[in-house]
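**Student:** To start, I am sharing the structure in question, which I have written as structure tokens.
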Amino acid sequence: MLNINFVNEESSTNQGLVVFIDEQLKLDSNLIGLDQQHHGLISKTIQNKLQFTGKYGQIKVIPSVIKSGEVRYLIIAGLGNEEKLTEAKIEELGGKILQHAICAKISTICLKLTNRISRFTSQTFASLVASGAFLASYRFNKYRTTLKEAEKFAVESIEIFTDNSTEAAKLFEVKKLIAEAVFFTRDICNEPSNIKTPQVYAERIVDILEPFGVDVDVIGEREMKNLGMGALLGVGQGSQNESKLVVMEYKGGNKDVPTIALVGKGVIFDTGGISLKPSSNMHLMRYDMGGSAAVVGAMIAVAGQKLPVNIVGVVGLVENMPSGNAQRPGDVVTTMSGQTAEVLNTDAEGRLVLADAVWYAQEKFKPKCVIDVATLTGAITVALGSTYAGCFSNNDELADKLIKVGEEVNEKLWRMPLHDEYDAMINSDIADMANIGNVPGAAGSCTAAHFIKRFIKDGVDWAHLDIAGVANSNKASALGPKGAVGYGVRLLEKFIKEYI
């Protein structure tokens, strides 16, 4: 694991030295001194605008001209317009620096924060850069028996030279905890579905959360049947692996602090059931439990900080498999709420899982607010691509807060509409509702949201986050490799911390 230290005095044992320069390309007195030590290498580089313009995210790795000493490379990082810098951009810059260091095979680097960054203290800037680098260091290689030499290389340590190293280290300690929660989410999403059965996944949740003082209850199929969870159980009835409902309760606040319920879709693998998906890219359905993983990650981040809040997490863990015992198109299931649903498409299963999970959360814990997170519909990806997740809500203030926090942590949300006409599209001829809309190909993400909305009690604030387009990526980003993104952990953690 990457080791990050904050120091008041610069060490001479680092192979790479990082400095930051904005688009004005001006050197302050500290950078002038550093430039002189390196025989004008920094000033020569920024004078040649073909090499370096100072725009945000530009990284220039230059071999050092100093013959003695450990520093082999200078790494110049562009800040762009400092007035436009955000916390998310600074974190991404940290990730890019780490990636360039890996490409240049620089195993130890020092970040020198000599110039003042407008709007950010040096310790805040330092902790954000460190957070981005730490997030970018994530790898999932546990099933790789051989690695290429380039893949084996990793940056061993980062030393950050700042004027208040103690405060920077305290800030980073929290960010590191949140990053480790993101890593859990990425790990469990990347895990092959033959390994992370509902039982194994539930055990991992217990193992990770109980040391933080979170009460975890794993409910099996017999108890779910007694509770009347016909919708969730119907999804999993074709699998030989028993479905689980995992209930996590963190009581960090006083009794008068309202409870928030986080509910996640945990479809361990989604074949589509009898409404079978095409085989192309079906392997990516290992990520169909990304909503549940985001909920667990948020619980880790909140409980790890001992925040004075009351949070409940409920995740339904099922496999949607075809078999002689599988749910059929046209089946009618009775949900825990007593409402009935006609299953017109067994591949619209996530909303069935959520229907019972959100009802259970409301019945048992009486939350003020319910936020469900799910890789629910392909339709949201058609609408928003991989840039935004969809946000549906019955409360404008709740939606606005989530969207604002999403911008701040670069886990973006776009408000999507709820409307009576969408709700009417899920009416069924033989049951209370159908699990898909009655107009093929129309408003798929909106009708799915309305299905869940029918299980939200009056007076409960609710938001539904459809993360199908953002939970995993087929390309690397500044903050991590391709595969599971860990989307939602930082969004939910910051929302809970700032608004509860």
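Yeah, the Cβs are placed from backbone N, Cα and C, and that goes for glycine too.
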**Student:** So Swiss-Prot lists LYS265, ASP270, GLU349 for Mn(2+) 2; which of ASP288, ASP331, ASP372 goes with them?
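**Tutor:** Candidate in the recorded Mn(2+) 2 site: ASP288.
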**Student:** What is the number of other Cβ atoms found within 10 Å of the Cβ of ARG351 (active site)?
**Tutor:** 28
**Student:** So of ASP270, ASP288, ASP347, GLU349, which of the binding-site residues has the fewest other Cβ atoms within 10 Å around its own Cβ?
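**Tutor:** Result for the binding-site residues ASP270, ASP288, ASP347, GLU349: minimum number of other Cβ atoms within 10 Å at ASP347.
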**Student:** So which recorded positions are near LYS265 (Mn(2+) 2 binding site), with CA atoms within 10 Å, out of LYS277, ASP347, ARG351?
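**Tutor:** Neighbours among recorded positions, in sequence order: ARG351.
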**Student:** In whole Å, how far does the CA atom of ARG351 (active site) lie from that of ASP288 (Mn(2+) 2 binding site)?
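**Tutor:** Distance between the two Cα atoms comes out at 12 Å.
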**Student:** Can you give me the Cα-Cα distance between ASP270 (Mn(2+) 2 binding site) and ASP347 (Mn(2+) 1 binding site) in Å, rounded to a whole number?
**Tutor:** 8
**Student:** For the recorded Mn(2+) 2 site, enumerate neighbouring residues of the same chain (Cβ within 8 Å of the Cβ centroid of LYS265, ASP270, ASP288, GLU349, site residues themselves excluded), in sequence order.
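**Tutor:** Neighbours found: VAL235, GLY266, VAL267, MET285, MET289, VAL318, ASN320, GLY350, VAL353, ALA374, THR375, LEU376.
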**Student:** Take the C-alpha atoms of GLU349 (Mn(2+) 2 binding site) and LYS277 (active site) and report the distance between them in angstrom, rounded.
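**Tutor:** Cα-Cα, rounded: 12 Å.
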